[in-house]
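Everything below concerns the one structure shown next.
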Amino acid sequence: MARKGGERKKAVTRSTKAGLQFPVGRIGRFLKKGRYAQRVGSGAPVYLAAVLEYLAAEVLELAGNAAKDNKKTRIVPRHLLLAIRNDQELGKLLAGVTIAHGGVLPNINPVLLPKKALEKAEKESHPKKKAADKKTAAADKKTAAADKKKAAADAEEEAAADE
């Protein structure tokens, strides 16, 4: 049976129009139902869906990298925690959020490390520092010797002036 106005067109969602994966209609419904304001503009749910989609993509990318670093193919809550806490902006945004089964960030205060391990860590972080230290030490010795000679000469001049 043909319709009077022709075939009915397939509905195009607002998410598709905006090029988003997150549901614009559902977010709009939640905004209205939540009574955040008396009225909700037509662009508000689109914008909010775009922001939420961006944040989700960012967290998933960082969590995927964390999973790959740990040689895993599945993202678990631990990877989410590592991704969020190691990123400065996401860490600030989600500072008060507790992630179940996320654990904690690995952190050891340098004061608590054994002295040998601490010295090794310093040597590894400054491997070429020894050569530079030797050069500066030699230069310091030369300037110290020159200062002593100058002080001795000044003392002799003062003694000669006093006589």
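Here, residue 1 is simply the first one shown, and the rest follow in order.
Every residue, even glycine, has its Cβ placed from backbone N, Cα and C.
TrEMBL annotations: computationally assigned, not manually curated.
Keep in mind that this is a model prediction, so the values were computed, not measured.
Under the heading compositional bias 'Basic and acidic residues', TrEMBL lists 133-153.
Feature annotation from TrEMBL assigns compositional bias 'Acidic residues' to 154-163.
For the domain 'Core Histone H2A/H2B/H3' (7-85), the number of residues in each DSSP class (helix H, G, I; strand E, B; coil) is 50 helix, 0 strand, 29 coil. Residues or ranges marked as domain 'Core Histone H2A/H2B/H3' in TrEMBL: 7-85.
Sequence-distant contacts of the domain 'Histone H2A C-terminal' (89-121), counting only residues of its own chain at least 6 positions beyond either end whose CB sits under 8 Å from a CB of the stretch, comprise 58-59, 62, 76-78, 80-83. According to TrEMBL, the feature domain 'Histone H2A C-terminal' maps to 89-121.
TrEMBL lists 118-163 with the feature region 'Disordered'.
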With DSSP as the reference, give the number of residues of the domain 'Histone H2A C-terminal' (89-121) in helix, strand and coil.
15 helix, 0 strand, 18 coil
